Amino acid sequence: MNTRPGPSTSPTNSLETHFVNIHEALPEDEEEEVLTSSMPDKAKMVLERPIRSAREPKRAHRSFNRQVSLETGFSVLNRESKAKDERRVNLPRSGRSFGGFDSASRTCEARKGDFSIFKTKSTLNKQNSLLPARKERTMESQRTDHGSNNGTDESVNKSVPAGRYFAALRGPELDEVKDYEDILLPKDEKWPFLLRFPIGCFGICLGLSSQAVLWKALATSPATKFLHVTPNINLALWLLALAVLFSVTFTYILKCIFYFEAVRREYFHPVRVNFFFAPWVVCMFLAIGAPPSLCHDTLHPAIWCAFMGPYFFLELKIYGQWLSGGKRRLCKVANPSSHLSVVGNFVGAILASKVGWQEPAKFLWAIGFAHYLVLFVTLYQRLPTSEALPKELHPVYSMFIAAPSAASLAWKTIYGEFDGLSRTCYFIALFLYVSLVVRINFFTGFRFSVAWWSYTFPMTTASVATIVYAEQVPCVMTKALALTLSFTSTTMVCVLFVSTLLHAFVWHTLFPNDLAIAITKKRLVKERRPFKKAYDLKRWTKQALTKHNSVNKDFDGENEVRD
């Protein structure tokens, strides 16, 4: 691109009109033009001759060459920038394309209804078959970030960091996708049932099995003997909890068989990983609350080994991550549902004491109490990970009641008396219970979900602990408190049970699409690149001004030398 002032144009007057030859600026020409912009005219002419002759074959098929003024170039540039702004539209977030890149409607339609990326043993070739053709994939890779690896192999096959769940999700259970995020699966389709079946369904089993323990205590405790509670209620609740446990377990086993990738996503979820402890806690609750007509007072130790063994190995894994797990240490992933991984130690201690193994019971109690103190302090301080949870009050905080209530019951079962330490744990649970109840908005303004069931067993555990306390301190106040807490717990379970039946069989909204398992490993953002034009007026105008200024400097320098 050469800058040539007209014969009658003075180079010292910058306000006059200057004409320039414009042509398409090739990429390889840019460096040459920058180098020659600061040279004198004579050296520039010598250098440009071989360059221009070598460049002629490349421009043989481009005959566009005309002269326009710089003022006209600026006006054209402004007009084209306005047209570009009018053509700019927002990208749709349909959820059909990976990372929100809706490259082609044909590609999206091909992916519609195909959920094979979460199926068990979904190989990389099967996942790549969902992507566009090789040519389209090459073009798309030029428009997107190269770190995304062109698709889903990185987002699906590798574990999602814990911090990514907090960044992409919201809600008390981290089950709602934030507005600016996109997912790997379509949002406007109904997913297969197994993909919509969450691990949180074991919370239903927790609520029912703990109710069986409560009604067994109401039927057998001397403090509530005046109620004349029939043991048949305990039997009916125990059978119902057992049936629900079998149904939920069988369904989730099918999910493990057919959609294991989705199960892996739930395991790495900082909230749902704690629900993997729930099946074993439910089994121990059923063993403790078994009706007297079906079993004897002393249970076989094999029952404790069968239920506590898997729980203990999973506990080693999770507690190891809390201690030295890097991005999954406790201060990064702590949330109220983490109490589920602690409560099982106290429930296991109760069951170990009932089978006659006192030392393992004391061992589990010590482990549970130590980790409860650390977890309680971490959550109480509201570290940055807790700020990801909403500031509104929510029943999720009832999980704070479960651990101290279970600890007081376990201590009483092991040592045979409700002494000072047992009462200390019970009073802590009672204070936390009252501090939650006085805030009515804890239970209002939130949509129903299956995870609400997990908030019932802490209330039930506190009710059982109150019944035991009423046995040690028999008076009207303690008995009235035991009845009040028991009635509140049972009412909550009944309300949730009716709501679950309505959502499942009447409204068919019990299991919506589980968006939390379909987030991408990284937040994929479309790279903004400048609008490509055949003749970049902005570039040649800027270069023309630069060359014009350099010519003015050279002309002034020559005049000074002559003077």
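Counting begins at 1 with the first residue displayed.
A Cβ is built for glycine as well, from the same backbone N, Cα and C atoms used for every other residue.
Since the structure is predicted, the reported quantities are computational estimates derived from the model, not experimental observations.
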Annotated stretch (transmembrane segment, per TrEMBL) among the listed ranges 395-414, 515-534: 395-414
Range annotated as region 'Disordered' - as stated in TrEMBL, picked from 24-63, 304-343: 24-63
Long-range environment of the transmembrane segment (235-259) - Cβ separation under 8 angstroms, sequence gap at least 6: 115, 118-120, 192, 194-195, 197, 199, 201-202, 204-205, 208-209, 211-212, 215, 279, 282-283, 285-286, 289-291, 293-294
Top partner of the transmembrane segment (395-414) among 193-215, 271-289, 452-470 - counted as Cβ pairs under 8 Å: 452-470
Positions whose Cβ lies under 8 angstroms from the transmembrane segment (271-289), at least six residues beyond its ends: 165, 173-175, 198-200, 202-203, 205-206, 209-210, 212-214, 216, 234, 238, 241-242, 245, 249, 299, 303-304, 306-308, 310-311, 314-315, 318, 335, 337-341, 343-344, 347-348, 350-351, 354, 454, 457, 516
